[in-house]
Amino acid sequence: MFADTQRLPGWFPLSKFLSICIRVVLLGINPIILIGAFWYVELTNPNLIYLPMLGIFTIMLGGLFGVFLSKYNKLSRAQTGSMFVTGSFINLGSFGSLFCVLLLGEESLAYVVMFRLFEELFYYTVCYPIAKSFGQAKKSDETLKSRVHMILKDPFIMITFCAVITGGLLNLSPWERLDGYGELNQILVPLSVVILLIPVGFSMRLTSVKKHLKLGLSLSVAKNVIVPVCVISLALLLGLGEMYDGYLIQVILVLTVMPTAVSSLVPPQIFKLDVELANSNWIINTALLIITIPFLYLIISVL
């Protein structure tokens, strides 16, 4: 949908190649990673139920700040819709997993999955309808039932669900995780991110950044500073700071500062929102990882 083919030979099947990249990761590599992560991690503490709730809270808060900034800057409805989706959609899957593994180790992966357990469901059933209300949809016959049905038919979501269940059952079984599985995951996680960055690179439209730089930076401050402070504060109030010597708080911190997800570029296309603004926000927020990650490393070192 977003690829620019102008610099490629006409015979090269770019769309098919990008689709294969995504499928290799989501249907092949990710299930292996998730089974190993859930097989290994400790999942006996009942307070872990708060993780998916905090994940939803993170998404909601980012979207609300997007709308607030839109009202403050007196943006149009189409621009407000783009600010909402780029504020709410967050890259928990690829970047979240990668930086949790790099900064905290492979055992963090299961907590990453729990944090984003209802992520896709919330996007389709809440964020998409809200985005639709700000724009003009190409189709007007979508219902809540049809969106839920679409989720259940989505192979990417269902394969992920099956991998989590399989890993969880193995965790409860008397079988020990296979030797070398942890080392394998240490390779597969960055490999999956590298493969997914190929289609992401073709989604970039750098010409729009300068025009919307102020809005993009404002949204980034909200997403990367205010939202994490609010979510971490709530997590501490819920008692998660005492779990695993503060390890869970570190996982939550890493996830809450992740940039806008590339999937945030889809609703603006479907619902005729401001595609240029959405693309600009995504690029700016992702580029700020260069600043965010070193600060994140220092904070985790202190904690």
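Here the Cβ of each residue, glycine as well, is placed from N, Cα and C on the backbone.
Nobody curates TrEMBL annotations by hand; they come from automatic prediction.
Going by TrEMBL, these are the annotated features:
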- 20-41: transmembrane segment (TRANSMEM)
- 47-69: transmembrane segment (TRANSMEM)
- 81-104: transmembrane segment (TRANSMEM)
- 151-172: transmembrane segment (TRANSMEM)
- 184-204: transmembrane segment (TRANSMEM)
- 225-241: transmembrane segment (TRANSMEM)
- 247-270: transmembrane segment (TRANSMEM)
- 282-300: transmembrane segment (TRANSMEM)
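The stretches the transmembrane segment (81-104) and the transmembrane segment (225-241) do not meet in space: the count of Cβ pairs below 8 angstroms, excluding pairs fewer than 6 apart in sequence, stays at fewer than three. With a threshold of 8 Å between CB atoms, the same-chain residues lying at least 6 positions outside the transmembrane segment (225-241) that come near it are 47, 50, 54, 57-58, 61-62, 65, 248-249, 252-253, 256-257. Spatially, the transmembrane segment (47-69) is adjacent to the transmembrane segment (247-270); three or more Cβ-Cβ distances between them are under 8 Å for residues at least 6 apart in sequence.
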